[in-house]
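The annotation transmembrane segment is assigned in TrEMBL to 32-49, 69-94, 115-134, 146-168, 180-200, 206-223, 235-256. What TrEMBL records for 154-242 is domain 'CAAX prenyl protease 2/Lysostaphin resistance protein A-like'.
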Amino acid sequence: MFATIKRYDIIERNIKSDQKKVMRLKNAVDKIALYCWRAAKLCLMLGLIELPQFALSLPKLLLKYVNGPIVYILTWMIFIGGYVAVTFILFTYLQRRHPERKIIWRPKGKEINTIIIGFIVLMAAKIIIGSFMTQQTANDAAIEKLFKISVNTSFMMVFMTAIAAPVVEELVFRGFLMDYFFTDQPIFAILLSGLIFGSIHASTNFISWLMYVVMGIILAATYNKEKNLAANISLHFLNNLLPSIVFLLSSLHQLLK
C-alpha cells in the first residue's frame, strides 16, 4: 500500500514538473511571438517615416505635365502634409499607450541642463569619431546631394533634416522602441535604440556607422534619464540644425551664382 502511495506521489510530482515545463515553453513562445509582432510594428513605423521623402522627387515628375508655381505649392503641401500625418499617427499612438509621458513640453531648468549637456556630449563624440574618418559619411553625402538639386529642394531638406526628422525619429526610436523592447533592462534598450538608429542611416564603413550608433545611444540615454520626448526632440533638433544651415548656404551659393 505504501509503495502504491509513493508511486502515485512520484507520478503527481512528474505531472506537476511537466506542467511547469509546458508553461515555461508556452511563456517563451508567447514572448517570442510578442517580440516578433513588436518588431513588425517597428518596421512599419520605419517605413512610415520614410514616405514623405518621396515628395522630394515630385517637382521633376510634375514639371513634365504642369508648369508654374503650382508645382512647388503642391510639392510643399504633400511634403508637409505627409510629415504632419505621420507625426499625428505616431503621436496619437504613443499618447494613448503612455498618456503620462511628456511630448508637449514646458521646459524646466533640469531638462534644459540635460539638453545642453547632451548637446556637448554629442558634439564631442562627433569630433572624436570624425577625426578617424577620411571622407564624408554616405548619409551626409546623400543629404548634400539632395540639397544641391534646386533652391526649392534645399529648403525642403532644411525642413526635413532640422524639423521633421528630429520629431518623427524620436517618436519612433525613443518613444516607441524604448518603451516596447527591454523595458525592464534600460541598458539593453539604449543599446538596441542606438544600433537600429545607426543602422538606418546610410553608412559605407564602420567608422561612419559607429558615429550614428553613438549618436543614437546618447539620445537614448537622454530619453532614459528624462522620459521626456520633447527634450529629446529639442536635442536632436540642435544636433541637426547647424549641418542643415551649412548645407543650405553651400547649396544656395552654388545654385544662385
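Glycine is no exception: its Cβ is also placed from the backbone N, Cα and C atoms.
TrEMBL: automatically predicted annotations, no manual curation.
Within the model, the domain 'CAAX prenyl protease 2/Lysostaphin resistance protein A-like' (154-242) carries an average pLDDT of 89. Sorting the domain 'CAAX prenyl protease 2/Lysostaphin resistance protein A-like' (154-242) by DSSP state (H, G, I as helix; E, B as strand; all else coil) yields 77 helix, 1 strand, 11 coil. If you look at the transmembrane segment (69-94), the same-chain residues 6 or more away from its ends with a CB under 8 A from one of its CBs are 45, 48-49, 51-52, 55-56, 58-59, 62-63, 101, 103, 152, 156, 159-160, 164, 167-168, 171-172, 175-176, 179, 229. Within the chain carrying the transmembrane segment (146-168), a Cβ under 8 angstroms from the stretch's Cβ atoms is held by residues 49, 52-53, 55-56, 59, 72, 75-76, 79-80, 83, 86-87, 90, 233-234, 236-237, 239-241, 243-245, 247-248, 250-252, 254-256, all 6 or more beyond its ends. Cβ atoms under 8 Å from those of the transmembrane segment (32-49) belong to residues 86, 89-90, 168-169, 172, 176-177, 180-181, 196, 200 of the same chain, restricted to positions at least 6 beyond its ends. Sequence-distant neighbours of the transmembrane segment (206-223) (same chain, 6+ residues past either end, Cβ-Cβ under 8 Å): 114-115, 118, 121-122, 125-126, 129-130, 132-133, 137-139, 170, 173-175, 178, 189-191, 193-199, 229, 231-232, 235-236, 239.
Here the transmembrane segment (115-134) has Cβ contacts under 8 Å with residues 207-208, 210-211, 214-215, 218-219, 222, 231, 234-235, 238-239 of the same chain, all six or more residues outside its ends.
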